[in-house]
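S.K.: What Swiss-Prot shows for this protein is this:
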- R15: site 'Transition state stabilizer' (SITE)
- K22: site 'Transition state stabilizer' (SITE)
- R157: site 'Positions MEP for the nucleophilic attack' (SITE)
- K213: site 'Positions MEP for the nucleophilic attack' (SITE)
Amino acid sequence: MAVFALVPAAGMGKRMGASINKQYLILAGRPILAHTLSVFEGASFVDGIFVITPEDEIPFCRDHVVERYGFTKVRGIVAGGAERQHSVLNGLRAMEGTVADDDVILIHDGVRPFVSTDVLARATAVAREDDGALVAVPAKDTVKTVEDGIITGTPPRETLWLAQTPQAFRYAVIRAAHEIADAERFLGTDDAMLVERLGRSVRIVVGDYRNIKITTPEDMVLAEAFLKELAA
């Protein structure tokens, strides 16, 4: 049972307000995407990586990230779609012929560079035994449900978790979930949701609050602080 990473990096990053897409912004001398790929490259149990990027950025990703930083595990760079879900489906289809049905696929945002090898390993172990694994952290704040500006409920905080990535599944499970969602024109907010709607069980893997998704200038400030902390 091999392990492959599928790394969506096709976002446009409008909230960042930068002239280039967020995955290529420089963090401590390297693109954010390069930091993320380094974690998978260095994980001995990860056998290969597929990166998803906008079609017109494939040469840039290949030349300035994959080849420049020597990511030898990258098996393919795949063109993204209109939405993240479409991009992931493109990636899963591109994996056909390379991965087996029971291989574990770690789907991880290209702009989450602080994921740890330990988290990857624990998510992989769960995905081998269950229908899927979702890395998440407990909610710290009280969450309200609201309609038309009026609070309609307060879910018990102990039941609320903030979803992160990676989200890990066996290839046959996640491929089927995405194909069915695509055929039914259902658009979910994450990969686990597509598996859940088929009646399958996705287990929580406790993550790390530092595993942030870098989408705003404020996130870049946090990321730089995390790097300084790690270097200390």
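Including glycine, each Cβ sits where the backbone N, Cα and C put it.
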S.K.: Please classify the secondary structure at K22 (site 'Transition state stabilizer') using three-state DSSP.
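M.R.: Looking at the DSSP assignment, K22 (site 'Transition state stabilizer') belongs to a helix.
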S.K.: Here the recorded sites are K22, R157, K213; which one has the lowest number of other Cβ atoms no more than 10 Å from its Cβ?
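M.R.: Checked K22, R157, K213; of these recorded sites, fewest Cβ neighbours within 10 Å: R157.
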S.K.: Between K213 (site 'Positions MEP for the nucleophilic attack') and K22 (site 'Transition state stabilizer'), what is the CA-CA distance rounded to a whole number of Å?
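M.R.: Cα to Cα, K213 (site 'Positions MEP for the nucleophilic attack') and K22 (site 'Transition state stabilizer') are separated by 10 Å.
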S.K.: What's the CA to CA span in angstrom from K22 (site 'Transition state stabilizer') over to R157 (site 'Positions MEP for the nucleophilic attack')?
M.R.: 32
